[in-house]
Amino acid sequence: MLIAPIASEALYATLRYPFRLLHSANEKINSEALALALLIPSLPESSRGRMQRLWRLTVPGYNPPLGQLMFCRHSSPWRSTSSVLAAAALGLRAPSTRLVLPGRRYGQKVPDKYLLTDAATLPFSFSGTYWKPSAHHLCLSTRDASHRTHMHEYKSLSTRPCSSIASALPAGGIPAPSMSSEPQVDYRLPTTVRPTHYDLTIRTDLEKSRFDGFVKVHLDILKDTSQLVFNTAELELSNPVLYSEALHMEQTPSTLSFDTIMERGFLSFTTPLPADSKAQLSLSFTGQLTGAMMGYYKSVGGEDGKDVYALTQFEPTIARKAFPCWDEPSLKATFAVTLISRADTVNLSNMSVASESIYEPGTTPETNIVLSWLSTKLSTLGSENADKWIITGFDTSPPAMAWANGHFKYLESSYVSPLSGKTRPLRIYATAEIIHQAQFALDLKRQILPIYEKVFDIEYPLPKLDTLVAHDYDAGAMENWGLITGRTSTLLLDPKSSDLPTKKHVAETQCHEVAHMWFGDITTMAWWDNLFRDVGGRGHDSWIFPEWKLNSAFVSGRFAYALNVDAKISSHPIEVECPDANMVNQIFDGLSYAKAAAVLRMLASFVGEEGFLKGVSVYLKKHLFKNSVTKDLWNGHDIPKMMDNWVKTTGYPVLTVTEAENGIHVRQDRFLDSGPANATDNQTIWTIPLSILTVTAKGDVIVNRELVLDQRSMFIPLDVTKPFKLNAGTVSFCRVFYPPERLVKIGREAAQSPSPFSIEDRMGIVDDALALSKAGFSKVSSALSLIDVLRNEQEYLVWDSISKNLAQMRNVWWEHDDIADFIDGFRRELFTPIVQRLGYVASQEDDADTQELRTLAIEAASFAGEKSVVKELTDRFAYYLKTGDDSRIPAELEQAIYNAAVLHGGREEWEAVKHIAAKPKTPSSGVAAMLAMCATEDLDLAEETFQYTMTDARDQDLMYFFRGLAMNKKTRRLLVVNFKKNYDAFDKRLEGNYSMQFLVSIAISPLSSDKDYEETVEFFKTKDTSKYDMVLKQSLDSIASRSAWIKRSTNDVQEWFRSRTSLSKV
């Protein structure tokens, strides 16, 4: 069976009507009869077109042997956002009972009695179906064996949407696809018009949680057209008027219709607009301020938690929820914005204020269109007519838009441009109770802006740069040009705090978002498949804080994350096809950010940092205020051949090193965490900078950065009697697999002081060893022996890598008590001496490395159950419980202390931590408390914790509770059970933003058995996974690889630990 979606005006015309079905048989496509059924279900408005169950349908006029065919819910990996179904079935039985869902890696089991077909038996597949409301045409797109798309259009014999479906296909059936047809796409807006400027007025009413306004869109008419198609979602539109400069006439549309699936509005006009002319479209609109954290939405802050304010979040395709627009990255336009709000609030936008005045109904003359509109609007609203309103006009902006309204306070600074000498004001806004924690982020902005100007040789082009801190925020932060927005945990720091991890997090966030003022704002990708160029840049906070060793920290952070995710068969390229909104939302994932940053880092290392940045400057200057594609960036370096496979293909290589008498053989193959790749998955040949490190007889370290591997294998002359290492600095995006004897030697050399291997090298060695053992290339015992050799390591970042890898092992063998205990014992053995050496109290003389190593060691030893550390931490919390004095709970130890208190305490400790989570003194304290609430081993308290997420937790904080329950081996299954039980509630609660995909991943990825895999597949069969399909596949791959690792390595791990225990007794 094949299924394909249909987006249709007829859906909305028949919401309250019975199913409309169509049958057509055609011998031209296949020797067997083809039946096509189009379904328009009557769905409640609240379900937003999603079908959560199976439908069995009798098709009129079609009587196969069993007289029925099975309908399955829609699937957006079909590359369509539509959710109404079309299905095709051949009159023969399938070779199996698995329903084939094109675009998916798993199927839906269906009883054998139903009529099915395998997709492979058809000479083509359906790639989309949609309804053109203005022409009353049904359009069917098919894809042939060469993956070319062909469009087939059928004119309705009726202009009534309800009957048009029934008569759309001709009696002769569907003609065979024409192989000469050009590929067609229906997920992009028509190219008949192009917006150039928006005059936008928005009135915000925080008391009534609503907004309204009107927009005039200035259009270039590129082709003759009688229809305008634009994006709109969840808005009520009215008063559409179109003025044509060429026709010198104003006209209202003959029809106004909507496709809520494709989020489009259609305006049809009697008189066509001529090509090469200009027009202006005016529309009024009304919308609701919800807590969706998308579009124009409301958030809540204040001392009492009742201070409501509103802000925008438009990435990636959500501007359409705030005003009707052409919501695609290549359709740039300028904006002139006017914001109207209650007189006691503050209006913000991405440009400077041009004018501001108070409007008093009945006393202010109606001197312009805004005042006239406002007067008319208020006159219809009763009591609001007497209120005072503030009208704020902003300077015309370049192609960008963001705004906010609320009772905001601000801190202010400025910087002087090193290129022009201009002084630009800088502000950071927040609600009154948290504004004092925003100074650090403001100072960072002041410091990094002139650095970026000098590096890119381009002046920041806007007159100001503000930042707004939000209590409710789906992402971490957003680079709105001129008005950065972000959540409290990414932008706030207690000025009295010594919490270095939080300080680093704020610095990374602010510097990253300011970098986007150039990457992503000055130059924007032409379409979402080029997203990585905008999100992949690093923030370069290391230029401000070199003592933090942030370039090294990248290896155990984003670099390691990207390697882990991209090792799955279900991974995706960083330049990935994005035909619809669901796919766009999904590629805003960790891999798009992390791998993109890693690949750009590799490129910068290969061509040289200075040369790379010069090339970036050339690229930006060439595409100022324009759109670009991937090759535009590479052209600045003349290396597209090298980069294509890193960007456009999935995965990365493992370099296998074998030694000969006079050198080494190096071979590249795709690395998969499930085991060595088969021939089908091992087609790519990457161009890999090898960066070979060698050590001379005098002990000098030499790195050859010019040698590349651009073939399957090669021989490299080398003195193998001396130390050597590939991928010096852990810069190239790959793993390196050495013979066991060489890994032992590398481990010994890494453990030397000083070592010929850098911090980055030592981190990479540890990560590679565990990853290769997980994939079955080597034994886990070899990796554990390597870690054991490094027990005298002094650098925090290397210990951080060791800690993460041991935690991962324990997380995999969580249901094997003996191995979990062995690993905990090993962690105590490694980290307790560091705690004893560094103590619990920070000193003013401590450098950043010492501060973070102390915190890491305390946390690791405590989590592993070291009694002396647990006692110290629980005593500190007990003092707080007794006195209310939290002075013995420094910010950097909050997580460890709260966790220990709940894990080793009871209800009193849990209630105290819950109180902290509900009203934290800092965002980092709140996050620590939320995670710690989940540390209990009392299942009754764990159940209460989960219920707290259902009733009290902010939507943005759900992922912290899920992560905490998933980290706790005693509550992991409780989380899975409750998530499944409450799936529909979460799905409804989080529709429209990114959060659901995070919950799915966090809940199911830590599972480790075949049974878990099967139960997870079974559960999601009946769910609409279109908004998180990629994450679900990755999570299933994680379960499978963890299960395989357990089967493969359990005996090896047990033997290694038991042998150490035996030796210690001797």
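Each residue, glycine too, has its Cβ placed from N, Cα and C.
Annotation source TrEMBL lists domain 'Aminopeptidase N-like N-terminal' at 195-364.
Residues or ranges marked as domain 'Peptidase M1 membrane alanine aminopeptidase' in TrEMBL: 440-635.
Here TrEMBL flags His512, His516 as Zn(2+) binding site.
Here the Cβ of Glu513 (active site, proton acceptor) has 26 other Cβ atoms within 10 Å, regardless of which shown protein chain they belong to. The annotation active site, proton acceptor is assigned in TrEMBL to Glu513.
Taking all protein chains in view, 22 other C-beta atoms sit within 10 angstroms of the C-beta of Tyr593 (site 'Transition state stabilizer'). Marked as site 'Transition state stabilizer' by TrEMBL: Tyr593.
Residues or ranges marked as domain 'ERAP1-like C-terminal' in TrEMBL: 724-1040. Taken as a whole, the domain 'ERAP1-like C-terminal' (724-1040) shows an average pLDDT of 96 in this prediction.
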Packing count at His516 (Zn(2+) binding site) (other Cβ atoms within 10 Å of its Cβ): 20
Rounded Cα separation (Å) that holds between Glu513 (active site, proton acceptor) and Tyr593 (site 'Transition state stabilizer'): 13
Pairwise CA distance, Tyr593 (site 'Transition state stabilizer') versus His516 (Zn(2+) binding site), rounded so that it is a whole Å: 13
Other C-beta atoms that fall within 10 angstroms of the C-beta of His512 (Zn(2+) binding site): 24
